[in-house]
Structures are given as C-alpha cells and as structure tokens.
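Beneath this line is the structure, given in structure tokens, with notes to follow.
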Amino acid sequence: MPSFLYCSECNNLLYPREDRSNPDVRTRSLMFACRNCDYQERADNQCVYRNEILHAPAEQTLLVQDLSTDPTLPRTRTRCAKCGHEEAVFFQAQGTGAEMKMTLYYICCNKACGHRWFS
C-alpha cells in the first residue's frame, strides 16, 4: 500500500516528478519533490499510485439534507411532476470533466415531496 512522503525541510507533501536533468528520456528517473521549497529525493519505487473518486450528480445531491430550504439556491416556478407543487430550487452540478454537460438539477420545494429531476 502506498504511503505519503513529506519534505524533511518544511513538512509539506512530496509529489512525484520526473527528473529532467538527464537529456536521455530512457534513463530519466522518478523523483519526489516539494512544491513549497526546492527539496527533492529520488524514489526507491518506480510505481506511482493515483486514486480518483468520482461522484455522480445524483449522489452529490443526496449528501445535503433539505436543499429545498437553502436560501442561497435560486428558485423557479416549475411544476413538480410528482406532486404538482409550483416551486423548485435548482443548481448546476459542480463537475469538471468534459463529460459533464451544463445540466440543471431541480428539487421540489414541497417538504413532503422532495422530488429531484434534471433538464
């Protein structure tokens, strides 16, 4: 299991970086470098681990309770297909990938309903 490496000078996290001092691309080595100071150390293992956690927009809306009562979210007069209530809050998913379109997510303001949909 990978572990984190920390700078011995300023205690910040060390990040993997290619040693570009050698002009021959085939013999370059992996280094761990601090982004805060000039400290670098050679990696003893040539394997770099990357862990990406992606949440679907539907999962993100389930994380926060009572979004329909959030005063910072904009409201619109849109009819809910489930209960017929005339008001809903809406927001755009905070995705950064190219696969994320400009999709608006709506939540019914009827506390008994809470129906969620997107356009």
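Every residue, even glycine, has its Cβ placed from backbone N, Cα and C.
Computed from a predicted structure; not experimentally measured.
A 10 Å cutoff on Cβ-Cβ distances gives Cys37 (Zn(2+) 1 binding site) a total of 12 other Cβ atoms nearby, all chains included. Feature annotation from TrEMBL assigns Zn(2+) 1 binding site to Cys7, Cys10, Cys34, Cys37.
Annotated zinc finger per TrEMBL: 7-37, in sequence order. Looking only at the zinc finger (7-37), the predicted model's pLDDT averages out at 88.
According to TrEMBL, the feature domain 'TFIIS-type' maps to 76-118.
All protein chains shown were included, and the count of other CB atoms within 10 Å of the CB of Cys113 (Zn(2+) 2 binding site) stands at 16. Positions annotated as Zn(2+) 2 binding site by TrEMBL: Cys80, Cys83, Cys108, Cys113.
Cα of Cys10 (Zn(2+) 1 binding site) to Cα of Cys108 (Zn(2+) 2 binding site): a span of 50 Å. Among the binding-site residues Cys80, Cys83, Cys108, Cys113, the residue whose Cα lies closest in space to that of Cys37 (Zn(2+) 1 binding site) is Cys108.
Excluding Cys7, Cys10, Cys34, Cys37 themselves, the residues of that chain whose CB lies within 8 A of the CB mean position for the Zn(2+) 1 site are, in sequence, Ser8, Glu9, Asn11, Asn12, Leu14, Arg35, Asn36, Asp38, Tyr39.
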